[in-house]
Amino acid sequence: MAESHLQSSLITASQFFEIWLHFDADGSGYLEGKELQNLIQELLQARKKAGLELSPEMKTFVDQYGQRDDGKIGIVELAHVLPTEENFLLLFRCQQLKSCEEFMKTWRKYDTDHSGFIETEELKNFLKDLLEKANKTVDDTKLAEYTDLMLKLFDSNNDGKLELTEMARLLPVQENFLLKFQGIKMCGKEFNKAFELYDQDGNGYIDENELDALLKDLCEKNKQELDINNISTYKKNIMALSDGGKLYRTDLALILSAGDN
């Protein structure tokens, strides 16, 4: 099925989902190693079989990743390579998803109750707003289809809602700083202890200076994952979740807490 979709001159949103599912064999949300090489090989075979030239985007993609063992792409990168239907592709090209800081601000707008999740109706409004900002409108049926596909693409634990880290897969891999923090998340007890330690004045939130101290210590302890030279970027992106410069426990937990275990 993936081969026939790769032969198409225009790939629908549903076909794109099937292609992604086919190649993301381990369900990690990214294509890397053998998965990525399989995609490149099947793409080349499918286009040749259909008598179609590689598009400029495909050529660039093959040149960039064809000979690399360490390549890694997300859904966003694949959406830019394949000839995906215009309105669906716009969801991956909007300005709000060009940088992690803008993404965090957008998340704050929709996660109004600080629950750490965006549910189906909120996601639908989020996608609708993105399309409207690109001067595109879709009917309710198509919007529902896009919402359903986004949940299928990003909802890795199948709970019908998206966590921040799941939603962040809308960002290009190079922009997704949250990936850096995946390996250093703390259990709930450790996180609460750390929050109370760095909330030095005990006012229930962490300000920019307190966050700076926390990040410096994290960088020192996790040199393989975090680069101390990037502290200002980490801080700017995390503070985009704050409420007027106040970073509450639930907000910081989205970045640093792995849950209650």
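Glycine residues also receive a Cβ, built from the backbone N, Cα and C atoms like all the rest.
The shown structure was predicted, so the numbers you read here are calculated from the model rather than taken from an experiment.
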- request: Please pick, from GLU121, GLU122, the residue that Swiss-Prot records in the Ca(2+) 2 site together with ASP111, ASP113, SER115.
  value: GLU122
Task: Write down the single range among 2-7, 104-109, 140-145 that appears in Swiss-Prot as region 'Interaction with RANBP9'.
output: 2-7
Message: Among the binding-site residues ASP24, ASP111, ASP113, which residue has the fewest other Cβ atoms within 10 Å of its own Cβ?
response: ASP113
Statement: The mean pLDDT across the domain 'EF-hand 1' (11-46) is 92
Field: Spatial neighbours of the domain 'EF-hand 5' (186-221) far in sequence, C-beta under 8 Å, 6+ residues away
entry: 227-228, 231, 234-235, 238-239, 242, 245-249, 252-253, 256-261
- request: Using C-alpha positions only, work out which of the binding-site residues ASP26, ASP155, LYS161 is nearest to ASP199 (Ca(2+) 4 binding site).
  value: LYS161
